[in-house]
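Beneath this line is the structure, given in structure tokens, with notes to follow.
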Amino acid sequence: MTLLVGLGNPTLRYAHTRHNAGFDILDSLISELDLSFTFSSKHNACLCVYKDFILLKPQTYMNLSGESVLSAKNFYKTEELLIVHDDLDLDLGVVRFKNGGGNGGHNGLKSIDLLCSNSYYRLRVGISKGMGVIEHVLSKFHKNEEPLKNAAFEHAKNALKFFIESHDFNAMQNRFTLKKPLKIES
């Protein structure tokens, strides 16, 4: 089994903020597959079992995401872990993949690294840098950023669909990496 985790913060206060990119992409995937999340108090997360994947949205708040991930990872005895998360070191519209490595200062990844190790796959979605890291990651996208954000999130969702069917991280990485943002017609 593979644990596929979208990072974000629970509650309406943080809905659709830059830091909730992982939640939003998983929500879009679940909707397209005509599935739904259910809350698991055991893992303090919303989860959905689909094929041989456990899709998970930790409800611990970002800085404690590792608690939910570790709980689900141990319970389901998953072999692979893929984390979908925002990355402020990437421009808005960029989608990249990584296997292992550092957390880049991302508190959700720090929590996962501490409790689970840093040996997992990542789908990184660029949100660009802004003035003041905390304010920026907890802010919503500006209206003029929405078309590019939507295109990048759709691209990331399609990458996840490909991964669910192929179980091939390297093929997903080769096919879906966007080093530069997509061109959006106005």
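Glycine too: its Cβ is placed from the backbone N, Cα and C atoms.
Residues or ranges marked as active site, proton acceptor in Swiss-Prot: His19. Note: His19 (active site, proton acceptor) has non-local neighbours Leu7, Gly8, Asn9, Met62, Asp86, Ile127, Val137, Leu138, i.e. same-chain residues 6+ apart with C-beta under 8 A of its own C-beta. According to its DSSP assignment, His19 (active site, proton acceptor) is helical.
Counting Cβ atoms from all protein chains shown, Asn63 (tRNA binding site) has 12 others lying within 10 Å of its own Cβ. Among the features that Swiss-Prot reports, tRNA binding site is placed at Tyr14, Tyr61, Asn63, Asn107, with the record citing sequence analysis.
Residues or ranges marked as site 'Discriminates between blocked and unblocked aminoacyl-tRNA' by Swiss-Prot on the basis of sequence analysis: Asn9. A simple way to gauge crowding: the CB of Asn9 (site 'Discriminates between blocked and unblocked aminoacyl-tRNA') has 21 other CB atoms within 10 angstroms, across all the protein chains here. In this structure, Asn9 (site 'Discriminates between blocked and unblocked aminoacyl-tRNA') belongs to neither helix nor strand by DSSP; it is coil.
Cβ neighbour count for Asp86 (site 'Stabilizes the basic form of H active site to accept a proton') (all protein chains, 10 Å cutoff from its Cβ): 25. Summarising the annotation, Swiss-Prot assigns site 'Stabilizes the basic form of H active site to accept a proton' to Asp86.
Residue pairs drawn from Tyr14, Tyr61, Asn63, Asn107, the listed tRNA binders, are separated by up to 16 Å at the Cα level. Within 8 Å of the centroid of the Cβ atoms of Tyr14, Tyr61, Asn63, Asn107, where the record puts tRNA, the same chain has further Cβ atoms from Asn9, His19, Thr60, Met62, Leu64, Ser65, Gly108.
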